[in-house]
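Q: Okay, these came from TrEMBL:
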TRANSMEM  9-28  transmembrane segment
DOMAIN    9-386  domain 'Major facilitator superfamily (MFS) profile'
TRANSMEM  48-67  transmembrane segment
TRANSMEM  79-96  transmembrane segment
TRANSMEM  102-124  transmembrane segment
TRANSMEM  136-156  transmembrane segment
TRANSMEM  168-187  transmembrane segment
TRANSMEM  208-230  transmembrane segment
TRANSMEM  242-262  transmembrane segment
TRANSMEM  274-291  transmembrane segment
TRANSMEM  297-319  transmembrane segment
TRANSMEM  331-353  transmembrane segment
TRANSMEM  359-379  transmembrane segment
Amino acid sequence: MDVTQLKQVQLKLGILVLILGINLRPIMASVSPLVGILENSLNVNHQLISLLTTVPVILMGLFALFTAKIQNFLNDIDVIGYGVLSIALASFLRIFTDNIFLLLLTSVLGGIGIALIQVQFPAYLKTLLSSNASKYMGLFTTGIMMGAAIAAGISAPLEHQWGWKTALSVMTIPACVALIVIPKLIIPVKKNSQKNYVPLPIRSLNAWYLMIFFGIGTGAYTLVLAWLPLHFIQLGYSKNDSGYLLSLLTMTEVIAGIIVSTSINKFIDRRQPLVISLLLILIGLVMLILYPTNLSIMIAITLGSGIGSLFPLSLIVSLDNAKNAQQASALLGLVQGSGYIIAAAFPFIGGYFIDKSHYLQPAWIFMLAGIVILLLMCLRFSPTKFSIHY
């Protein structure tokens, strides 16, 4: 392959990575700026509304546990294609929903699609690129944050103009675009038939350690995604302004993800960037608890920088401990599968705190404790001593 062909392949892969990533969070991110409107329209409480975020995350986890087996029966293009189709269908059907149970069914369908892509695509990258997969993994998570930023920023204005059903279903458009362009962008890879299915590394304590780390870290993301706009609405912000703050936070996550994807190969020891990202989240949470109105923009930027770098770093640390696509699929199946189930509890816990105390400060304090735990945990991720036994 000459230089020109290599650049074409890299460009196609970069576009594919971003398009897929953009479609993985709007089904959740579009909900949070509209929480108050949905509660009034559907006559439900905060805990029930939190299920619109919790259910997709649980489904991501459950399906991730079995994606390694699915890989044996379907090729990469099929699994990724079915995932995007599920997301497109879930988004489209929201325009016809008129009660919480139908809305939750679309969350189930979307969660299945997200799960199929989130575990299969990193394994595909590992097959295609081997040791260079971490760069594109960072770009993939950047796309995820970008999709969340777009959905968070447009849902409140769209609701004001066209109603909440349209606001929740408009992200069908990028999903349909993905369905059209994926077959033209995806690069087929040959699978080695001698490399059979690798079971989940459930006997490796370090695999469970990675899972807990990923679960708590992603819990910070899901908690902020679900409840940050409502927190600022309670402080007197309009739903548009609170949505813009979430959009600013997620756009900062995008920038952080780009920085991670372009610089990660400079850090053989991933603990250095991990500590920086966790400290940023810690500072952001302290400001959110103590000075929410005076430092709202700084809070969004600081939290976005920390969360936006922690998410790809958590996946990259996992990917570092896989030698091939089969191991990557098995390890990410366990880490993301069980980790997302842990993360799914965080929005629900936030809803519980709101229903009981009417405020979100207890939820932020709860998250603060989780970040302190992660700071201690990440010290074990030595590139020479930390390993997974399959």
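Just so it is clear, glycine is given a Cβ too, placed from its N, Cα and C backbone atoms.
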Q: Count, for each of 48-67, 136-156, 168-187, 242-262, 274-291, the Cβ pairs lying under 8 Å from the transmembrane segment (102-124), and report the range with the highest count.
A: 48-67
Q: How about the transmembrane segment (297-319) with the transmembrane segment (208-230) - do they touch, taking at least 3 C-beta pairs under 8 Å (6 or more apart in sequence) as contact?
A: yes
Q: Quick check: do the transmembrane segment (359-379) and the transmembrane segment (48-67) share at least 3 Cβ pairs under 8 Å, counting only pairs 6+ apart in sequence?
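A: No, the transmembrane segment (359-379) and the transmembrane segment (48-67) are not in contact.
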Q: Against which stretches of its own chain does the transmembrane segment (48-67) lie, if we need a Cβ under 8 Å and a gap of at least six residues from its ends?
A: 27-28, 31-32, 35, 38-39, 79, 100, 103-104, 107-108, 110-112, 114-116, 118-120, 200, 218, 222, 225-226, 329, 332-334, 336-341, 343-345, 347-348, 350-351
Q: Mark yes when the transmembrane segment (79-96) and the transmembrane segment (208-230) have three or more Cβ pairs under 8 Å (sequence separation 6 or more) and no when they do not.
A: no
Q: Quick one: mean pLDDT on the domain 'Major facilitator superfamily (MFS) profile' (9-386)?
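A: Here the predicted model's pLDDT, averaged over the domain 'Major facilitator superfamily (MFS) profile' (9-386), is 89.
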